[in-house]
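Visitor: Structure provided below as structure tokens; questions to follow.
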Amino acid sequence: MRIDIVTIFPACLDPLRQSLPGKAIESGLVDLNVHDLRRWTHDVHHSVDDAPYGGGPGMVMKAPVWGEALDEICSSETLLIVPTPAGVLFTQATAQRWTTESHLVFACGRYEGIDQRVVQDAARRMRVEEVSIGDYVLPGGESAAVVMVEAVLRLLAGVLGNPASHQDDSHSTGLDGLLEGPSYTRPASWRGLDVPEVLLSGDHARIAAWRREVSLQRTRERRPDLSHPD
């Protein structure tokens with residue numbers, strides 16, 4: 001998989017060189033490239049924004065600069081992802097779907113966003129998805145891009161040491177979209193708090209039933225919108 005990220009703050013993407021994403025890059029499982037949008041500017045000030053038509057606060061990122069950048073980086077096989085609080089909600093299912101893509105490009109906006117014509121123009125040549133990571137607003141799309149890239153990479157074969165590690169994660173299909181229950185490790189007793197007895201029993205059927213029940217309970221309490229009929 002190839003991933004390109006376009007931004008005016010390349011250093012914001014440095015966390016992707018660490019931990020599991022970093023290992024995926026080093027091992028060749030993913031080809032990650034971060035591009036400074038200002039490279040495609042032509043004025044002495046390297047301007048990437050201008051005042052919005054119709055008035056209003058803030059600045060809007062200019063279409064010509066973004067157009068040149070995407071023309072050079074993208075192809076008809078690209079899935080262009082535009083992080084925006086006005087986008088469709090990013091979920092585990094989204095991350096899973098993107099693992100089948102060969103080329104992801106993230107266009108990280110700033111200020112009041114990117115001129116909408118950039119999205120419209122790109123959609124004539126490739127697939128485009130405007131995506132939000134939650135009902136809140138960030139200064140730019142870089143943090144959202146890091147979140148989404150990490151979510152996708154950990155699902156790629158060979159990234160996690162144990163391929164089964166993500167199969168029973170919260171929101172995963174292996175858990176029917178529910179929240180994962182609590183985890184425990186040694187010691188069995190700590191500061192007067194004991195690990196649930198069932199987890200020490202060695203009875204795999206009982207353990208599976210217990211995990212299912214606490215998963216359902218946690219989901220009902222914390223995310224009733226995800227509640228499961230059983």
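Cβ atoms here come from the backbone N, Cα and C positions, even for glycine.
Annotated S-adenosyl-L-methionine binding site per Swiss-Prot: Gly109, Ile133, Gly134, Asp135, Tyr136, Val137, Leu138, in sequence order.
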Visitor: For the binding-site residues listed here, Gly109, Gly134, which shows the highest count of neighbouring CB atoms within 10 A?
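Guide: Of Gly109, Gly134, the one with the most crowded Cβ is Gly109.
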Visitor: If you count other Cβ atoms within 10 Å of each one's Cβ, which of the binding-site residues Ile133, Val137, Leu138 has the most?
Guide: Ile133
Visitor: Within 10 Å of the Cβ of Tyr136 (S-adenosyl-L-methionine binding site), how many other Cβ atoms are there?
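Guide: Around Tyr136 (S-adenosyl-L-methionine binding site), other Cβ atoms within 10 Å: 7.
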Visitor: Check Val137 (S-adenosyl-L-methionine binding site) against DSSP and tell me helix, strand or coil, would you?
Guide: coil
